[in-house]
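Each remark here refers to the structure printed beneath this line.
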Amino acid sequence: MTGFDRRGLLRGGAAASALALAAPALLRNAAAQGKPIRIGFPVPLTGAFGAEANDQVRAAQLAIKAFNEAGGFEGRQAELLVRDDKLNPGEAATRTLELIEKDQVNFLVGGLSAAVTLSINNVARERGVIYNSITQSDAINEAKDFGRTTFHEALNPHMTAGAVGRHVFPKFGKRVAFLSADYAYGHEMMRGFKRAGEASGIQVVADIRHPIGASDYSAFLPRIAALKPDVLCLCNFGRDQVVSIQQATEFGLKRTTKLVAPVLLFTSRKAGGEAFDGVIGGTSYYWRLEDTVPTAKAFNDRFRAAYNGAVPSDYGALGYAGVRSVLEAVKAAKSVETDKVVAAMEGLKADFYKGPQSFRKCDHQSIQSVLVVESKSKDMKTPDDVFTIVGTEGPDERFLRSCDELGHKA
Amino acid sequence: MSELTLGGFPLDLLALQVVTGVALGAIYVLVGIGLSLIFGLMNVVNFAHGAFFMMGAYVGVFLYGYTGSFWLSLVAAPLAMGLLGLAVERVLVRPLYGRGIDDPLLLTFGLSYVMIEAVRIAFGLTGLPFGAPPELRGAVDLGIGYFPLYRLFLIVFAGIVVGALWLFIERTSFGLVIRAGARDPQIVQVLGIRISRVWLAIFGLGCALAGLAGILAAPLQGVTPEMGIPVLAEAFVVTVVGGMGSLAGAVLAGLIVGIVVAMTSLIAPDMTKMAIFALMALVLLVRPRGLLGRAGALG
Amino acid sequence: MSAQTTTPVGAAASPAASPAARPGAGRTGRWLALASRHRVALTLAFLVVFPWIAPYQALAANILVLGLYALGFNLLFGYTGLLSFGHAAFLGGGAYGSGIAIVHYGLHPVLALVAGTLLATLIAVAMGALAIRTRGIYFAMTTLALSMCVYYAFYQAESFTGGENGLRGINVPSLSLPGFRLDLLNPTVKYYAVLAVVGLAVWLFSRLLSSPFGAALEAIRENENRAQACGYDVRRMKLVAFVISGALCGLAGALQAIHLSIVPIETMHYSTSGQAVMMALLGGMGTFFGPFVGAATFSLLQDGLTTLTSHWQLFVGAIFIAFVLFLPLGIWGEVLARLRRAGW
C-alpha cells in the first residue's frame with residue numbers, strides 16, 4: 001500500500017541503471033504518504049452504462065462526504081479518485097495500475113460489467129490492494145479469481161436469479177423457456193434459474209442463446225412464441241434486456257407468457273418504458289424500500305438533498321455501499337493497513353442502506369437481501385416509481401453457492 | 001441444444017423465420033444501399049454511416065414527441081440526415097478528393113465520434129423508449145403464425161423506397177449521370193458535367209437513406225447513442241457481399257444477410273454473429289467483387 | 001543499416017516527399033540521412049526517457065506496446081501499401097498465445113512471448129494465404145471478415161480464453177533470467193523490460209527495411225505491376241510482409257498480456273484493427289518513428305481528455321477531423337516534410 005516494495009526490487013547489475021532511473025519516482029511517492037485516505041473508483045463514465053456509472057459516482061461521493069463530516073479517521077479525510085474505465089477491461093487494467101502505482105490509492109471500489117470487474121480484481125489482488133467489486137459476477141467468488149483482498153459488495157447472478165426463480169416458478173408455471181446472452185454472465189444467470197427451478201420441478205421447453213449485444217431478437221422469438229411457455233427467462237443485461245423485452249412484447253409473448261429478467265435495472269426500465277410492464281425481476285435495491293427500511297429512507301433522503309430530489313438507482317446504491325463498507329472497516333480496524341482492514345471487513349455487521357449485510361469469510365461475498373420487483377407504468381407515486389416490490393428474500397447463506405463448490409479450501 | 005432440434009423444425013416455423021429474415025433484411029438493405037453508393041461511386045468508406053442511422057432515429061423520435069405523427073417523422077428524419085450529409089460532403093469530405101481512401105475513412109471515423117457524443121449531450125446517455133405507432137401495433141396471422149404488423153409494414157415500405165430509388169437511377173437523366181459516374185468519372189467530366197455535384201447528391205442521398213433506416217428501426221429497439229455501431233458492421237457486410245456501388249447487389253445482399261441471420265438464429269444461435277462475417281469472407285474469396293459488383297465500379 | 005537505400009528517416013508516403021526527388025537536396029538531406037542511419041538509436045533514446053514525460057508508467061508501457069503494434073501494421077500499410085483491417089487478430093493472437101502459455105501451461109514469460117508470437121504468426125500465415133489474393137479495398141474487407149472469424153473462434157473457446165470475461169491470471173510478478181531477477185511489479189522496471197523487447201524488435205525491423213527485401217516492398221507499393229515486371233514474385237513477397245507484420249503485432253500482443261495481466265476479448269475486435277489504422281495515420285504512415293508518435297498521441301489524447309471531460313469523444317473526433325484536413329501526412333510525416341522544406 002505504502003510506496004514500492006523495496007525488498008527484491010532489483011537483483012543483479014544489469015538492473016542497477018533502472019534503479020537509478022526509478023529514484024525520482026520513489027521520492028515522488030514517498031511525499032504522497034500520510035495524506036488522505038484515497039479510494040480509487042474506476043467506472044464506465046462513457047459507454048453504454050454511462051448513466052449507471054454517473055449515479056454510482058454521485059452515491060459514492062455521499063459516503064465520502066458523510067465520512068469526512070464525521071471527522072474522518074484520526075483526522076485523515078477520505079478522497080474519491082474517479083477514473084473512466086470506458087467499459088473496456090484493458091482500459092480498466094491500465095487505470096487500476098495508474099491508481100495503484102501513481103496515485104497510491106489505499107483501496108479500490110468500482111467496476112461495472114463482469115469482464116471489467118475481473119480485470120480490476122486481477123491487477124489489484126496481485127498487488128495486495130483491497131478491491132470491493134460493485135457489479136454482478138459469479139466468477140469473482142470462485143477460488144480461481146478470488147484473492148484475499150477481493151470483496152464483492154454486489155449481488156451475484158446465482159443469488160439474484162435464484163431469488164427470482166423461487167418467487168416466479170411456483171406462481172406462474174413450470175414450462176420455462178430461456179433466452180440467454182451467450183457469455184459467462186448470461187450462463188451464470190441461467191444456471192441460477194435452473195438450480196432454483198429444480199426444487200419446483202420446472203420443465204425447460206427451450207434454451208436459446210443469443211449473441212451479446214444483439215440489436216434484433218426477432219429471429220429467436222417466433223420459435224419461443226410457438227411453444228407458449230409459462231415463463232420466459234431473459235438472461236441478459238442492460239441494452240440487450242431492453243431490446244429483447246421490447247421485441248418480445250411486439251411479438252405478443254406477453255399474452256401467454258410471464259417475462260422474467262433476473263437483474264431488472266432501474267435505468268433499463270426507464271429506457272424501456274411501457275414495454276416493461278408486468279416484467280418481473282430481481283434487484284439489490286429499489287428506492288421504495290424506504291417504506292419499510294429506515295436506513296433506506298435515510299440514504300434516499302441524503303441523496304435527494306444532495307441531488308435535487310433525485311432517487312438513487314440500484315447500481316448507484318452499490319457505489320455508496322461499496323465505499324461505505326471500506327470506510328467503516330477502516331474505522332473498525334483503526335488502521336488503513338490491508339491485513340487489518342481485510343479482517344475488519346470480514347467482521348463487518350452492516351446496515352447501511354438496505355438492511356443487514358455481512359461478508360462471508362470464504363469468498364468475501366456480501367450476504368444480503370434480494371428484492372423481487374415487478375415493473376409498472378400505472379399507479380405511479382412519482383415518475384421514478386416504476387416497480388412494485390413483490391417479494392424479498394432475506395440475507396441467508398443458503399442462497400449462495402457453498403464455499404466447497406467455489407473451490408475454497410476449508 | 002434443446003429438444004426442439006430433434007427431428008428438424010416444423011415447416012411453418014421455417015417459413016415464419018424467412019419472413020422474419022426479410023424484415024431484418026429490409027433495414028440492412030436501406031443502410032447498405034447508402035453505404036454502397038457512397039463507397040462505389042465516390043470511393044469513400046463512410047465510417048459515419050452508422051452515426052447518420054442513429055441520428056436519423058433520434059430526429060424522428062424527437063419530432064414524434066412533439067407532433068405525435070410517425071409519418072411526419074418518416075419524412076423528417078431522412079430529410080434532416082440528407083441535409084446534414086450534404087453539408088458534411090461539401091465542407092469536410094470534398095477537400096479530400098484525390099487523396100486516396102484512407103483520409104475520408106479517418107475523417108468520417110472522427111465525425112462518427114462527434115455525432116455520437118453530440119447526441120449524448122443533447123439527449124442523455126440512457127436512450128429513449130420508442131414503440132411502434134398505435135396504428136401499426138399488434139400482430140397479423142399469416143397462416144403460418146402470428147407476425148408483428150410493424151415488421152410487415154417495414155418490408156412493404158422498404159420495397160417502395162427501393163422501387164422509387166431504382167426508377168430514379170434507371171429512368172431519370174440525373175440517374176443516368178450517376179450510373180455513368182460510377183463507370184468512369186473522367187468521361188462524365190469530359191462531357192461537361194460537374195462530377196462534384198453528382199458526388200454531393202450521392203452522399204446526401206446515402207445519408208438520407210441511413211436516417212430513414214434509423215427511424216424505421218427505432219420502434220424495434222428504442223434509440224440509444226450507440227445504436228449505429230453494430231449497424232455499421234452489418235452494412236459493410238451487405239455492401240461487400242452485394243458488390244460496391246450496385247443497387248441491386250445491396251438489395252440482394254441485404255435480404256441474404258437477413259435470412260442468414262434468421263436461419264442461423266434458429267439452427268445454431270451461437271454462430272449468428274460469426275455467420276455474417278463467414279459469409280462475407282466466403283464471398284470475397286470466391287467472388288472478390290461481390291455478387292453483383294461490376295469491374296468498372298471501382299476498377 | 002549498412003545497405004544504402006534511398007529511404008530517409010521515415011520513408012514518407014509518396015516519392016515526392018523524399019529528398020532525393022527534390023531538386024538541390026544533395027547537401028540539405030545530410031542531417032536527415034544522418035538521422036536515418038541512426039534511426040534505431042534515436043527512437044530508443046526517446047523511448048528511454050519517455051516514462052519521465054508520460055503521465056504514468058503504466059500508460060507509457062501501453063504506448064510502447066501500441067507503438068510496436070502500429071509499427072508492425074505500418075510494415076504492411078506504410079511500406080507495402082496494403083491496408084489491412086484484420087491486425088487485431090495478430091495482436092490478440094499474440095496476447096492469448098502468451099497468456100494461455102502462462103496461465104494454462106506455466107511457461108516462463110520469455111518462452112510465453114515466443115509462444116504468443118508464434119501463434120500470431122500462424123494466424124497471419126492462414127489469413128494471409130487467403131487474403132493476399134484480393135486487392136485494394138477488397139483486401140481490407142477480407143482481412144476484416146477473416147479476423148472477425150478468428151475473434152468468434154476465440155470468443156467461443158471459453159475454457160482456454162475466458163470468453164467474454166477475458167483471460168485472467170497472467171500474473172508475472174518477477175522475471176528470472178540467468179544471473180538476475182527483475183521485479184515486474186515495479187512499474188519502472190516493467191517499462192524497461194518491455195522496452196528491451198520492443199527495442200530488439202525495432203532494430204530487427206530497421207534491418208529488414210534496409211535489406212533488399214525492404215526495397216522490394218516499397219517497389220511493390222509504388223507500382224505493383226512494375227515490380228512484377230522486374231522479376232519480383234509479388235504475391236509471395238506480400239505474403240511474407242503480411243506474416244512478418246503479423247508476427248511483430250503478435251509480439252506486441254504478447255507483451256501487452258504480460259503488462260496488463262489480462263487479455264480482454266476486445267483485443268481481437270475489429271475496432272482494435274481500426275486503432276492500428278488510426279495510429280499509423282496520425283503518426284505518419286510509412287515513416288519509421290511515426291507509429292510511436294501515433295500511439296503516443298492517440299493514448300495521451302484519450303488519457304488527457306478523459307480526465308478533463310466525460311465528453312472526451314467529442315474532442316477526439318474533432319481532433320481527428322482536423323488532422324485529416326490540415327495534417328494529412330500525419331504528425332511525424334509533417335515534421336519530416338517541414339524539416340526538408342527548411343533545408344535540413
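Even glycines carry a Cβ here, placed using N, Cα and C.
What TrEMBL lists as region 'Disordered' is C:1-24. Per TrEMBL, transmembrane segment is recorded for C:84-104, C:110-130, C:137-155, C:191-218, C:239-258, C:278-300, C:312-332.
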Distal contacts, the transmembrane segment (C:191-218) - CB-CB under 8 A, six or more residues away: 1-3, 5, 7, 11, 39-40, 43-44, 47-48, 51, 57, 60-61, 64-65, 67-68, 71, 75, 79-80, 113, 175, 182, 184, 227, 232, 237, 240-241, 244, 248, 251, 255, 259, 288
Positions on the same chain near the transmembrane segment (C:137-155), where near means CB under 8 A and six or more residues out: 82-89, 92-93, 96, 123, 127, 130-131, 161, 163-164, 265, 268-270, 273
Non-local residues, at least 6 beyond the ends, that sit with Cβ under 8 Å of the transmembrane segment (C:84-104): 69, 72-73, 76-77, 111-113, 115-120, 122-124, 127, 131, 139-147, 150-151, 154, 160-161, 167-170, 172, 242, 245-247, 249-254, 256-258, 262-263, 267-274, 276-277
Segment proximity, the transmembrane segment (C:278-300) to the transmembrane segment (C:239-258), 3 or more C-beta pairs under 8 Å: no
